[in-house]
Amino acid sequence: MSKYVYTFGGGKADADASQKNLLGGKGANLAEMNKIGLPVPAGFTLSTEVCIHYNDNDGGYPEGLEEQVLAGLKNTEEVMGAKFGDKENPLLLSCRSGARESMPGMMDTVLNIGLNDDTVAALIKQSGNEHFAWDSYRRFIQMYGDVVLGLKPESKNDPDHFEDILDKARESTGVEHEKDLTVDQLKQIVAEFKAVIKKHAGVEFPTDPMQQLWGCIGAVFGSWMNDRAIVYRRQYGIPHTWGTATNVQAMVFGNLGNDCATGVGLTRNCSDGTPGFCGDYLINAQGEDVVAGTRTPKRVEETFEQDDPAAYAELVEIGKKLENHYKDVQDIEFTVQKGKVWMLQTRNAKRTGFAAVRIAVDLVNEGLIDPKTALQKRRIPADDLNQLLQPIFDPAAKEAAQKDNRLLAKGINAGPGAASGQIVFHASDAEAQWNEDNDKQLILVRRETSPEDLRGMKVAKGILTAFGGASSHAALVSRQMGKTCVCGCDQLNINYEAGTVTVGDTVLKEGDWISVDGFTGEVFNGQIDTSASEVMEVLLGNLNAEDAPTYARYEQLMKWADEYRTLNVRANAEADDAEAAVALGAEGVGLCRTEHMFFDHLDEIREMIFSTKPEDRAKALAKLLPFQREDFTHLFKTLGDRPVTIRLLDPPLHEFLSKHHMHDDPTLGPKLAKEFGVSEEAVLRRVEELEETNPMLGHRGCRLGIVFPEITAMQSRAIFEAACGLKKEGINCYPEVMVPLAGFKTEFENQAKVIRETAAKVFEEQGVEVEYMVGTMIEIPRAALTADEIAEDAEFFSFGTNDLTQTALGMSRDDYKGFIGYYQENDIVPADPFQTVDQTGVGKLMKIGVEGGRSTRKDLKIGICGEHGGDPKSVFFCHEIGLNYVSCSPRRIPIARLAAAQAALDS
Ligand code: PEP
Ligand code: MG
């Protein structure tokens, strides 16, 4: 017969901490604590397999479970010296959930199981405390009614029969808390609670302890599938198939008098990582009182030593023993019953990014772990480094905003950080306001952003858009600039003409304050205080490293990460953000989107667009050449001897001139007509010619350079003239010229020819040569499938997973917002495919691309430069399939460095 029940108690256990999958975290650790000699009330754990069986079989249990539960119960009775249901010496039990990963508060718990009219009398005799016994009884009936019989109110509007009765009782005697009710009142409440159960659940409150126990076990297993738990699992990527274990354990009481207490504690502070035991406790209380918020708990580190010096000393010792044993900060639950300390739970504590870094580094310095262990992803999820790199909201100020109901809406958390500022709707206004006052805090609020908005985005503290997903223009530019961004916030109704943004009943005007949380996607009405990132202040030279303890630990951690990773990490950066990229550890530029450099020179680009003859186009392009050369020179200089991948012009030309631009600026049409000596109708005609029904699949990428080779020639010339110029100054640089959106080998060859011919010409003119490579983005499926052919000519590959996802999934990166939330909520996709590589589909194309490319060119250098390059899960995948580097927006570089180390250490 399979084993479903695992017992623990009296220093023995038939499981240990390694069996989390089967016993859940709580069960496995209760067993482990027994084994290392800590005081744990005896009990037994029903495994997660029982939960899976229960939920798959309509509440049925596997064969043999009943006998095993009875055996577990017998062992508990023997160790605790009491008997379940006994009228003289009753054992009371608790029944708690416990999954493989902790899901705090999501599932159910029942305490004081085994109480009925007989056992309550025995409990009075035994404890000599009538109040305690009746209070325990009423708590049990209430929990049983709520959890097992489903009377717990689901929303604010549902009646809470039990609490109503308690309220009335409190009111009638004018006391604040039920601990101050009289014994007679408690007896009366017990009777009324039983009547509530009969009336509202339609059954008698069960007096048989075994029936009570099975009811509770079923309720705990059933709570795995409650809505809260399902939503939580979805958010944290916990599979529904894991199931929870159920822990049945002897009750110990923290509410037997003033020599009793109960509490929760941490072996170190998990907000900032400061060493030292801390937590919350209450004298003369049961565990639920501490977490329920009905009484304000006291701080362990402040007053527990005075209240109970012996228990405090023992807890501190236990804390040390646990940290030494688990090699990590622990989150514990304890009860002191008549001076004796009991441990009810221990688990690795959840912590903020700040605390994670500090604790990992401190534990190495204390000799508890080595650097490899410190880097584990369960200790520091790479994404959590964000918290050290971005401004954050002052936690108290954010909490106050939540309490004041100032949360307005929620969108996609596209650019991490916290920003508070005055609303501005137009980029040009943002720029003008900022020029007047450089300290002005602005939030650019747009339906969506376009390249035209770039300058406004630069001066804004944060960006908020109503449309667009995780790889929309707003999202990727914000990330690259390191700006806080919330996009796709479709509850926003923006009226540019009226200068208002409406959310429900709230109407905000230009100049009103708004706050956006780019970590969570939350948007708040009004101002919330923020503080700057200490790490960034040091990296950007605004603060001394000696005055920055957080920076020192960050730096140490990054050193360790760099030692172990094998993937290189580059930045998606242009001139402006390249310095930050280098400061953050970029080992090169993996993607310089040259079109971003064009947006400062729209007049020249538009002149090119209006040119009908190649020679006119060349003339217009000649005006752009010096600007591009200067930009590249600056970029090469900043990167020094690191490689720089420059991608040739990619977006369709209507991104530089469209009806949208004409609409936003009514003077544009007449201005262009005058400038180019054509009629306004001719301007409009050209704008219409450029329009595309499906722009992402239209005349863009290398298709532009093929039809207009002058563009490729100008850009190549700018690159090589910049490189040669620097070489003459004694500065080496390594340009890698990248062709966008090639799908046919012939497309690549066509562009490579122009690039190489231009290089040869420039080298001859300049009298110097530089090393360079010509390669291609792999961003449409055909390129991945024919990578072996393309690699015959291409010297490197870079996966453009934004477009590769878009084209492989046939899912527009700008229009998927409308359904992706629904898809995720309904488990149709496991994650947003534009944030995390869809490994089974897009990932398969990537593997084919890598294998194909390297079958032709063994040492082909391959990277990724889509937004996924900074996503830890995708970084793991890139490591696994053998890429040479990932490239991501500058602020994600540390995250990618850490994720790359974790991937290397994991494999
Ligand atoms: C990509 O498609 O992944 C990419 C990096 O190019 P862009 O986002 O500029 O289209
Ligand atoms: Mg692309």
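Here the Cβ of each residue, glycine as well, is placed from N, Cα and C on the backbone.
Caution: TrEMBL annotation is automatic and unverified by curators.
Per TrEMBL, the feature domain 'Pyruvate phosphate dikinase AMP/ATP-binding' maps to 66-299, 312-360. Feature annotation from TrEMBL assigns domain 'PEP-utilising enzyme mobile' to 440-521. Residues or ranges marked as active site, tele-phosphohistidine intermediate in TrEMBL: H473. Here TrEMBL flags 553-903 as domain 'PEP-utilising enzyme C-terminal'. Summarising the annotation, TrEMBL assigns substrate binding site to R593, R647, E779, G800, T801, N802, D803. Annotation comment: TrEMBL describes E779, D803 as Mg(2+) binding site. Per TrEMBL, the feature active site, proton donor maps to C865.
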Listed recorded positions adjacent to ligand 1, that is, members of H473, E779, G800, N802, D803, C865 whose C-beta is under 6 A away: E779, G800, N802, D803, C865
Spatial neighbours, same chain, of T801 (substrate binding site) - Cβ under 8 Å, 6+ residues apart: E779, V837, V842, M846, I864, G866, E867, H868, G869, S874
Listed in sequence order, residues with CB under 8 A of G800 (substrate binding site) and six or more positions away: P740, L741, M777, I778, E779, C865, G866
Inter-residue Cα distance where the pair is the residue listed as 'active site, tele-phosphohistidine intermediate' and R647 (substrate binding site), in Å: 17
Site diameter for substrate, Å, by largest Cα distance between R593, R647, E779, G800, T801, N802, D803: 15
Three-class DSSP secondary structure - the residue listed as 'active site, tele-phosphohistidine intermediate': helix
Integer Å distance between the CA atoms belonging to N802 (substrate binding site) and H473 (active site, tele-phosphohistidine intermediate): 11
Neighbour count (Cβ, 10 Å) for E779 (substrate binding site): 26
Listed in sequence order, residues not in R593, R647, E779, G800, T801, N802, D803 with Cβ within 8 Å of the centre of the substrate site Cβ atoms: L591, D650, P740, L741, M777, S798, F799, L804, C865, G866
C-beta crowding around D803 (substrate binding site), within 10 angstroms: 24
Residue distribution over DSSP helix, strand and coil in the domain 'Pyruvate phosphate dikinase AMP/ATP-binding' (312-360): 23 helix, 17 strand, 9 coil
Among H473, E779, G800, N802, D803, the recorded positions whose C-beta sits under 6 Å from ligand 2: E779, G800, N802, D803
